[in-house]
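**Q** After the structure tokens below, expect a handful of questions from me.
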């Protein structure tokens, strides 16, 4: 028995007691467990946190926990690093959750980046973290200003507060961080001047303040930071000149000052930056003067040069100097380039991105440029002429080609089928002839823009497995049937202003991702009901104006639940308007940014730099829509035009009463029912069209008075009611009172009102109910008059008889 007891004691001391001894300090373990409990309490279903913090158990050594690092060389085994990167899933938590871990004063590194922490940074809790060397709080929702307590962390070498919503200013106390090597404050709301005290941070290697609200000038003290390798101040409001002594920063590899308000010239000292690899000065409209090529061509390590959007700068290479660098990216868009495409590009064999658009370049597309292994070529908005070299499309490296708005001519080469392009824009040139059938063999073509040329014939059929998402062939001379064969992912089909004819194809119902279909100004026939039945509910914009469609609009129109723009004007439609028009979901509620934006289509192509912005710049017509607005055809050109909601059924033969259900379309901005045969009253429900800006009901047979409810239309700035049979007083409201052009009410039965300076008489101002009441009253008065007359006559007769009888007796 005693042996068993001794054995039990031995096992207890061997196995159980060691489990109670921990390497990390007890108070630090408790702080970590408190943080874990707060996190689990605040975030439900936090599978990431539950899994990764599963090792954080009360009866275990915190030095063995995931995301925790202890000082193995110290006897106390204190926690020195916490890596909480991407721990918290979607769902905001308060910054107070950090308080427990900020009590661990032995921390050297703390990373809470890419979480969903909101609120002010708890500055007071950082006071005791005097050993902290690296602090990463990037990519959260911290707000308020940078707490001054952070500037007391004098051992700090890396401070990253980027991608939050921090405001306020950057204090001059930043000078206290003498050991700081990286200061990263990108994408916040920090404003004011960059403090001159920043020049005291002599150990600084990286200074990135991109996308804030800094103003004033770049402090000259920056030139004292001779160890700097990266300066990124782009997308602020910085003004004045680039410091002349910027050339002192001889270790600089990246200088990015783009998208500010800088002025003056590019300082000559820039040629001293022999280690410079990236120079970005684009979109500073105040920069002026010449760009001496000799300064830049001596920068042997330069790989990225972006000067676009500085239309006051003039490129000068009069010395015909050839560069010593090998660029990978070059953008001189809108830099005053003239003459032929520069010859010095011949030796830029490493070039993958070239943008020389919006200049005054002339001549032909050089064969040597087609031979370079460039991925992205943008030469739009120049004066280039001639035909395209066939070898241009035989380079497997070419992914992006934009030649829009030049004077290129001739036929599109048959070799186009050998290309690997994803984005091809040849719009607004003088290309003619037919489109080669080989174009359908381009394996990964995503966007094709051939609009505004003189192309003719039938458009080729794409294969069902095509990746084509965006097609614009509008404003050409194509004929034959409407193209019907595209890949299943097609979302944009812009085919207006051609000579397409015949009925609408059956297989459009396979385009389940179709968002915009524009076929206006063609010769398409058939019934509108058949056409609408072919469309997916994903369609947001449907423009079929000026075709030969017939029949009535079907009740099934309401199945197009995403529809925001419907233009069926200038066709041969007849019949009544279906009440289901009032059930178009996206015209009832305010529209939001949709898949019509660039991002969903091209965000995955990371090998094409800035493709979203480039497409946005080069494909302006994609964002335009011609509508009948303000009594004429007008172009809605707006990056946000997809926020418009529009219903245009004008110039048809529609008849009957206007359904009151149209008043449900509360987000409608443009409503045009003009030039039809509508009759009856203007619906009172039109007063509920609270967002409407343009209302055209002219050239119909509408009767009655203008509803007083229209006085509620506070956004209305265009109204046309002429050529109807309306009468009575024009309702008064601040908005309607401004619409005082008599022409918008012309040719009606008897409209009056102060807006058109026509006085209203009592008989003109009675509402229908009042008129009925007046008629009933007159009828009652008439009956009363005849009854009174009859009673009077009867009484008179009786009196006469009595009098005569009495007179006889008297005799």
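Yeah, the Cβs are placed from backbone N, Cα and C, and that goes for glycine too.
Sharing the feature lines straight out of Swiss-Prot:
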- 46: N-linked glycosylation site (CARBOHYD)
- 71: N-linked glycosylation site (CARBOHYD)
- 143: N-linked glycosylation site (CARBOHYD)
- 251: N-linked glycosylation site (CARBOHYD)
- 347: N-linked glycosylation site (CARBOHYD)
- 376: N-linked glycosylation site (CARBOHYD)
- 407: N-linked glycosylation site (CARBOHYD)
- 510: N-linked glycosylation site (CARBOHYD)
- 583: N-linked glycosylation site (CARBOHYD)
- 672: N-linked glycosylation site (CARBOHYD)
- 701: N-linked glycosylation site (CARBOHYD)
- 747: N-linked glycosylation site (CARBOHYD)
- 129-153: repeat 'LRR 2' (REPEAT)
- 178-201: repeat 'LRR 4' (REPEAT)
- 226-249: repeat 'LRR 6' (REPEAT)
- 275-298: repeat 'LRR 8' (REPEAT)
- 299-322: repeat 'LRR 9' (REPEAT)
- 324-348: repeat 'LRR 10' (REPEAT)
- 370-395: repeat 'LRR 12' (REPEAT)
- 443-466: repeat 'LRR 15' (REPEAT)
- 468-488: repeat 'LRR 16' (REPEAT)
- 511-534: repeat 'LRR 18' (REPEAT)
- 561-583: repeat 'LRR 20' (REPEAT)
- 714-738: repeat 'LRR 24' (REPEAT)
- 1-21: signal peptide (SIGNAL)
- 22-782: topological domain 'Extracellular' (TOPO_DOM)
- 804-811: topological domain 'Cytoplasmic' (TOPO_DOM)
- 783-803: transmembrane segment (TRANSMEM)
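Help me see these features in their spatial surroundings.
**A** Note on residue 71 (N-linked glycosylation site): other Cβ atoms within 10 Å of its Cβ, all shown chains, come to 17.
Long-range Cβ contacts of residue 143 (N-linked glycosylation site) within its own chain (separation 6+, distance under 8 Å): 118, 119, 120, 164, 165, 166, 167.
In sequence order, 226, 227, 228, 229, 275 constitute the residues six or more apart from residue 251 (N-linked glycosylation site) in its chain with CB-CB distances below 8 Å.
Listed in sequence order, 322, 323 are the same-chain residues six or more apart from residue 347 (N-linked glycosylation site) with CB atoms under 8 A from its CB.
Counting every protein chain shown, the Cβ of residue 376 (N-linked glycosylation site) has 25 other Cβ atoms within 10 Å.
Under a cutoff of 8 A between CB atoms, and with a sequence separation of 6+ in the same chain, the neighbours of residue 407 (N-linked glycosylation site) are 383, 384, 385, 429, 430. The DSSP secondary structure for residue 407 (N-linked glycosylation site) is strand.
The Cβ of residue 510 (N-linked glycosylation site) has 16 neighbouring Cβ atoms from other residues within 10 Å, across all protein chains displayed.
Residue environment of residue 583 (N-linked glycosylation site) contains 17 other Cβ atoms, counted within 10 Å of its Cβ in all protein chains. Following the DSSP three-state reduction, the secondary structure of residue 583 (N-linked glycosylation site) is helix.
Note on residue 701 (N-linked glycosylation site): other Cβ atoms within 10 Å of its Cβ, all shown chains, come to 13.
Taking the Cβ of residue 747 (N-linked glycosylation site) as reference, residues of its chain lying under 8 Å away and at least six apart in sequence are, in sequence order, 722, 723, 724.
Per-residue pLDDT, averaged along the repeat 'LRR 2' (129-153), amounts to 97 for this model.
For the repeat 'LRR 4' (178-201), the number of residues in each DSSP class (helix H, G, I; strand E, B; coil) is 5 helix, 6 strand, 13 coil.
Here the repeat 'LRR 6' (226-249) has Cβ contacts under 8 Å with residues 186, 194, 202-220, 255-273, 275, 280-281, 286 of the same chain, all six or more residues outside its ends.
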**Q** Quick one: pull the CA-CA distance for residue 583 (N-linked glycosylation site) versus residue 510 (N-linked glycosylation site), whole Å only.
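**A** Rounded to the nearest whole number, the Cα-Cα distance is 24 Å.
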**Q** Specify the count of other C-beta atoms within 10 Å of the C-beta of residue 672 (N-linked glycosylation site).
**A** 25
**Q** To the nearest whole angstrom, what is the C-alpha distance linking residue 71 (N-linked glycosylation site) and residue 376 (N-linked glycosylation site)?
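**A** Approximately 50 Å lies between the Cα of residue 71 (N-linked glycosylation site) and that of residue 376 (N-linked glycosylation site).
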**Q** Give me the Cα-Cα distance between residue 672 (N-linked glycosylation site) and residue 510 (N-linked glycosylation site), rounded to a whole Å.
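**A** Each residue's Cα considered, residue 672 (N-linked glycosylation site) and residue 510 (N-linked glycosylation site) end up 31 Å apart.
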**Q** When DSSP states are folded down to helix, strand and coil, where does residue 747 (N-linked glycosylation site) land?
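**A** In the DSSP reduction, residue 747 (N-linked glycosylation site) maps to coil.
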**Q** For the repeat 'LRR 18' (511-534), what are the DSSP-based totals of helix, strand and coil residues?
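**A** For the repeat 'LRR 18' (511-534), the helix, strand and coil counts are 6 helix, 7 strand, 11 coil.
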**Q** Give residue numbers and ranges for long-range contacts of the repeat 'LRR 12' (370-395): same chain, 6 or more residues beyond its ends, CB-CB under 8 A.
**A** 333, 341, 345, 348-349, 351-364, 401-421, 425, 607-609, 614, 618
**Q** Looking only at C-alpha atoms, tell me how far residue 376 (N-linked glycosylation site) is from residue 510 (N-linked glycosylation site), rounded to the nearest Å.
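**A** About 32 Å separates the two Cα atoms.
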**Q** How many Å lie between the Cα of residue 701 (N-linked glycosylation site) and the Cα of residue 510 (N-linked glycosylation site)?
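**A** Each residue's Cα considered, residue 701 (N-linked glycosylation site) and residue 510 (N-linked glycosylation site) end up 41 Å apart.
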